[in-house]
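What TrEMBL records for H185 is active site. Per TrEMBL, ATP binding site is recorded for D189, G190, N191, G192, R193, T194, V195, R196, Y221, Y222, N229. Look at TrEMBL and you will find 106-242 tagged as domain 'Fido'. Marked as site 'Important for autoinhibition of adenylyltransferase activity' by TrEMBL: E56.
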Amino acid sequence: MWNIDLTDLEELKPHADRLFEKKKSLDESRPLPNSALQRIRTDLSIEWTYNSNSIEGNTLSLRETQMVLQEGITIKGKTLVEHFEAHNHEKAIDYLYTLVNKNYVLRSIDVLSLHGLVLRSIEDDYAGRIRNGGVRIIGANFTPPNANKVSDLLDELISFVNENTDGLNDVLLATIFHHKLVWIHPFFDGNGRTVRLAMNLLLMRNGFPPAIILKNDRKKYYEALNQANNGNYHKLYLLMLQALERSLNIYLNAMPGNTYGEYEPISHIVSEPEFKYGQEYISLLARQGKIDAYKEGRNWLTTREAINNYIKTRKRDR
Ligand SMILES: Nc1ncnc2c1ncn2[C@@H]1O[C@H](COP(=O)(O)OP(=O)(O)OP(=O)(O)O)[C@@H](O)[C@H]1O
Ligand SMILES: [Mg+2]
């Protein structure tokens, strides 16, 4: 029932390989100093909270989210619910960190617990509970399954993930889990935030940093889910690879003696007089995951090495 067409994902293999290389070098260079680790983890938790809640419609900015979480400040003009959402999401992340370790096996109870934390004090009637009625997703190309099927579907999905009979890599497995869970849409509300947490259980148990889907990619994310509904995972897998690579880069950049070069905005690199390629072309390579790059706000960052490597390989292939 969860048959998946992987044929058109071949094209993303170089991107995935690059990411696993980075993961390896992160593993090998551990441990980072505790204070540095702690700082990155805190920053990422704030970003994760901001982006995930913002995708859902919360209007707190990144800076406001940080003030709410770190200084306990109330932001004028923002609703109580928006404040709860920020605090709840942070608690859910903390809970997630208590679960993840090498031997972690996905359980539906943990998905429910995360959901319970996400909607605590906001929708107490159904926080942590599977829906008992129909739902629709605005803009989606399908209607989620009937409520009486949800519990079985959820169990099947959890078994699918834990058995992983096709030996899918961690990122692809998390991608498929992400899509199937929002497809089932087990809850009346909070499905997106919950799955963006839960998919990270699958990644972080194996030592990956969290993958954060960016608010700026919301439109792309929804399109990717619509394509996944039609059995095509290319776009969603790419989005996940990019999200994860961004977090990996943040860790790698913090490491003493990292060998990945300096990340700079593409606009800087292409403005050098001796640089032969245009912004459009390099940005396209970045968006397609063909070069090592990640997004900061609206800007793509990459390294000169990444561009040179790509161009060298292109020449060799021809
Ligand atoms: N076309 C689609 N196909 C499948 N799932 C979709 C589609 N569009 C959106 N979704 C998923 O449904 C989620 C919205 O569901 P819901 O409102 O329950 O979650 P939320 O956490 O309250 O909000 P959000 O998910 O927007 O953050 C989206 O985040 C996304 O994960
Ligand atoms: Mg919602």
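A Cβ is built for glycine as well, from the same backbone N, Cα and C atoms used for every other residue.
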Go through the recorded positions E56, H185, N191, R193, V195, Y221 and pull out the ones with a Cβ less than 6 angstroms from some atom of ligand 2.
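Going through E56, H185, N191, R193, V195, Y221 in sequence order, those close to ligand 2 turn out to be E56.
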Of the recorded positions H185, R193, N229, which one sits closest to E56 (site 'Important for autoinhibition of adenylyltransferase activity') when you measure Cα to Cα?
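Of the recorded positions H185, R193, N229, R193 has its Cα closest to that of E56 (site 'Important for autoinhibition of adenylyltransferase activity').
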In the domain 'Fido' (106-242), how many residues does DSSP put in helix, strand and coil?
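Across the domain 'Fido' (106-242), the residues distribute as 81 helix, 0 strand, 56 coil.
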Given the binding-site residues N191, R193, V195, Y221, N229, which one's Cα is the least distant from that of H185 (active site)?
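Closest by Cα: N191.
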